[in-house]
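Structure, as structure tokens:
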Amino acid sequence: MTVASPSHLTGGEIRSLTGLRIVAALWVVVFHFSFTPGDTYTRYWEPLQPLVQTGALGVDLFYVLSGFVITLTYLDKTGRRPSVRRTVAFWWARVCRIWPVYAVVTTLFGGWMLYKASRVTDGFIVWQHTQPTVDLWHYLQQLLMVQLWGRSTFDGSSWVGAAWSISAEWLAYVVFPLAVLVLWRLRNAHPAVTGALAVGAMLPFAYTCFTTGEPYFPWSWALRIGAGFLAGALTCLAVRRIRVTPWVERVAAGVAVLAVVEILVGLWWGHWRGQGVGEFGGVVVLLFPVLVGALALSRSGLSRVLATGPMVHGGRISYSLYLVHIPVFEVFWTHMGWTPAIAPGSGLAGYLIPQVLLVTVVLAHLCHRYLEEPARLFLRHRGPGRWARADRSRPSVQQAVVPQPRAEQPVPASAEHQPA
């Protein structure tokens, strides 16, 4: 079997998967924005409640995407000849990618929390059931992205509420060099096997949602990151082993559309099943690896839409959007309570609510352009990043002497360009 054609790729990334990232990010953002005080736009949200209320599942879609892209990029680099040097270089590459904007946003929001704490008397500082602790020790945990490790629940773990998933994903990156040893041995397995395992990895979380409608339970965060990341990795193994022909591309394009339709059906079914209470629709996570794999194998239909310029740019700024939206929302929500002119239900508040969403997207764009990317480029050639450059410039003995069969070559995606 041969791997996916390089014609699927532009600039070292699978553009349709990059475009899918902004869909996942906006799903989460809209879910959080639905908690805006007041009922100004309630009647407009109502028909979309099955979709809006399950926006937290966008995190699980992110995890599947990350597992796919990381495996696509690093399987051959770290699995073929594992070493401490390559492991550290991999960790450094991920730090360069996720840490700079995370550290800045966390620090600035920490300052906001201290300011708000000096003005309120009820102890309600952030929009979380469990209020996080603000002190130097917990600030250090936040900066190291380990604040969630060792906790059974994510509520109150992170100063920036949504950043719990960053801590969880960092744990997946730490473990990946060990997991890749197993993935490497599965790289030549039949795609039907790895594809079935990918869907099966999502089964425990899907079953819990299907039977109880309760996706939040002790250590649910660990199940979600483990299942999602593993499902993405196994999906990648399946895609690498599929010979891409025009017929396969057409089938994959149809499967992608069918997966989206079934996801929507599942979300509306879940809303009906729980009568608006619970998240029975979480069962649709079973379809996330199917969707990601189908998009990776096709270029028409939904893949073509997601690969358009605006969608790809949205995907590239999605990480910044994910981090900045909670601080922007919480500052606005707080001032709605402090400033009578924009109190919930007021005309001015109704005008400002859509503007806040727009400002959040613009801020994410600026954050990506002037902080996230420059910092990544600055850091990646320093420290362990120099080792990765040395490895790229020095071919292995095996590569120099024996031409590699086409089936062993990875789809040439680069972690430097493909958001993960």
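A Cβ is built for glycine as well, from the same backbone N, Cα and C atoms used for every other residue.
These numbers come from a predicted model, not from an experiment.
Features reported for this protein in TrEMBL:
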DOMAIN    15-337  domain 'Acyltransferase 3'
TRANSMEM  18-35  transmembrane segment
TRANSMEM  55-75  transmembrane segment
TRANSMEM  96-115  transmembrane segment
TRANSMEM  162-184  transmembrane segment
TRANSMEM  191-213  transmembrane segment
TRANSMEM  219-239  transmembrane segment
TRANSMEM  251-271  transmembrane segment
TRANSMEM  277-298  transmembrane segment
TRANSMEM  319-336  transmembrane segment
TRANSMEM  348-371  transmembrane segment
REGION    387-420  region 'Disordered'
Intrachain neighbours beyond the transmembrane segment (348-371), with Cβ under 8 angstroms and 6 or more residues off its ends
29, 33, 36, 38, 40-41, 100-101, 104-105, 316-321, 323-325, 328-329, 332, 336, 341-342
Can you work out whether the transmembrane segment (219-239) touches the transmembrane segment (96-115), with the criterion being 3+ CB pairs under 8 Å where the paired residues are 6 or more apart along the chain?
no
Using Cβ atoms and a strict cutoff of less than 8 Å, what residues sit near the transmembrane segment (251-271) while being 6 or more residues removed from its termini?
49-51, 53-54, 209, 213, 278-284, 287, 290-291, 293-295, 297-303
Sequence-remote contacts (6 or more beyond its ends) of the transmembrane segment (162-184), Cβ cut-off under 8 Å?
28, 32, 59, 62-63, 66-67, 70-71, 74-75, 78-80, 82, 86-87, 90-91, 94, 98, 102, 105-106, 142, 145-149, 154, 221-222, 224-226, 229-230, 233-234, 237, 322-323, 325-326
When counting Cβ pairs under 8 Å to the transmembrane segment (277-298), the leader among 18-35, 55-75, 96-115:
55-75
Sequence-remote contacts (6 or more beyond its ends) of the transmembrane segment (55-75), Cβ cut-off under 8 Å?
14, 17, 20-21, 23-32, 34, 90, 165, 169, 172-173, 176, 180, 183-184, 187, 202, 205, 215, 224-225, 227-237, 239-240, 279, 281-282, 284-285, 288-289, 292-293, 296, 322, 410-411, 413-415, 418-420
